[in-house]
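Reading through the structure tokens given below for one structure.
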Amino acid sequence: MIFHKNWLGLIFLLLFLGIINVMRVPRDNSVKLKRTALEWSLATLTATLILWAAFDMEGQFQTINQTEWIVPPALNFKWGPLFLAVDGISLFFLILTALLTPICILISWNSIKFLLKEFLLCLLFLEVLLMGVFSALDLLLFYILFEGILIPMFLLIGVWGSREEKVRASYYFFFYTFVGSVFMLLGIFQLYSSVGTTDYQALLNIELPISTQKWIFAGFFLSLAVKIPQVPFHIWLPQAHVEAPVSGSVILAGILLKLGGYGFLRFTWPILPAATEYFAPFVIMLSVIAIIYGSLTTCRQVDLKRLIAYSSVAHMGLVTLGLFTHTIEGLVAAVFMMLAHGLVSSALFIAVTYLYERHHTRLIKYYRGITFSMPIFVSVFLVLTLTNMAIPLSCNFVAEFFSLLAAFEYNIVIGVLAATGMVWSAAYSLYLYNRVSFGASSNYLLFTRDLNRRELIAISPLVILIFILGVLPSLIIDPVKNAIMFSPGGA
């Protein structure tokens, strides 16, 4: 059945009620602050799961909320209606956002020592903005929310970052992504001046001249490529990950990196098809470079967080590779890879944080032989590293299989080059697990407590979903495929 059209509005209402209730809790009552934020984020997750359970997977937009823009009458222009809607693509990114937010609160339960109330409000505001980005059907609204995400993320890294370089890392993140976003704004202005609207559904029925499409695509590409991040626009990512608190790393790797791929799939292919097709060989070349460069650079890392960050560059290269082959397999693989990477990379950052909280170092050379002292952690870490190298029955295997299938269909040389990423992925994943888990116990590791109940509860949903999506990929593939086929930009 098709759920009530205002259900999406109810989800946003729950988000704002959560923010209001956290604001009402006294600053010195830290336990109540955390419980209130956790309860309301779980309520949002429940509402999002109900939306998924009642969603009609045929592919069309559902739960459409429409509101008029507030524009002063004296101005000589009028923007179209403000549309928020969900289809088979955006639905899963909403679920991923709703899932990772309470997990972020849980994993930060004991690590945030100051400005706890502001920290929780940052997380909840970030959830509102991300939910809005993934349901926006107006380009101007998408841009406003897209830009708004910079503020809470800047604060998360700069205020609650874990090391002395956190302020520099936050400025790196803000500068790169803000400058990139300016080009998108210029593209939106060019689009509006050409057709007089930024409404997504109206733009689907308008065919722009190829020359205009190319200029607009260039603006969108520079913005979205920074967010993915695509080589050579990735410089900000390792620094931001290393300095960010664990919740910042989870949000960054799990959701924010997906905004670029989502923007390409949602806007550039349907609205700028000719320009996207024209630039596809160039983007595919960059994607192959990202896969090889990201994988080789990952093998050289000595910091646990940097290793996972650079592996993300390689995996997101597979996303853009799938997107710009413009085949059903490639587009489905891109969405599946984004969701799988959101689960696996988030879980890996959480696992690394568990080690850091016990031993206060992220340098791989100090870790050795924790199998006997932390058997539960080692078991979870084994699942995550094997998934990261895309073993069968894992979600990464499904995503990489379809990505490489699309690559080989596009060009056999591209397919072979992209496939080398799987070899290097296995190399650094096995090295990481072997170095941390086996051998004689390191003299540097004095604190050996295994995972507690809270830590297990936080990471378990991600591990379970990794297997569920690996065994039952049709849960995502079918609705995503239907949504792509329904879209004018579908293959």
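Positions of Cβ are set from backbone N, Cα and C atoms, glycine also.
These features come from Swiss-Prot:
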type: TRANSMEM; residues: 2-22; note: transmembrane segment
type: TRANSMEM; residues: 37-57; note: transmembrane segment
type: TRANSMEM; residues: 89-109; note: transmembrane segment
type: TRANSMEM; residues: 114-134; note: transmembrane segment
type: TRANSMEM; residues: 139-159; note: transmembrane segment
type: TRANSMEM; residues: 169-189; note: transmembrane segment
type: TRANSMEM; residues: 245-265; note: transmembrane segment
type: TRANSMEM; residues: 271-291; note: transmembrane segment
type: TRANSMEM; residues: 308-328; note: transmembrane segment
type: TRANSMEM; residues: 332-352; note: transmembrane segment
type: TRANSMEM; residues: 412-432; note: transmembrane segment
type: TRANSMEM; residues: 457-477; note: transmembrane segment
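Here the transmembrane segment (308-328) touches the transmembrane segment (245-265). Their Cβ atoms form 3 or more pairs under 8 Å, with each pair 6 or more residues apart. Of the recorded ranges 37-57, 245-265, 271-291, 412-432, the transmembrane segment (332-352) has the largest number of C-beta contacts under 8 angstroms with 245-265. Residues 191, 200, 203-204, 208, 210, 213-214, 216-217, 220-221, 225, 230-231, 234, 264, 313-314, 316-318, 320-321, 323-326, 410, 414, 417-418, 420-421, 488-489 of the same chain sit 6 or more residues outside the transmembrane segment (271-291) yet have a Cβ under 8 Å from a Cβ within it. Counting Cβ pairs under 8 Å to the transmembrane segment (89-109), the stretch among 37-57, 139-159, 169-189, 412-432, 457-477 with the most such contacts is 37-57.
Between the transmembrane segment (114-134) and the stretches 2-22, 169-189, 245-265, 412-432, Cβ pairs under 8 Å are most numerous for 2-22.
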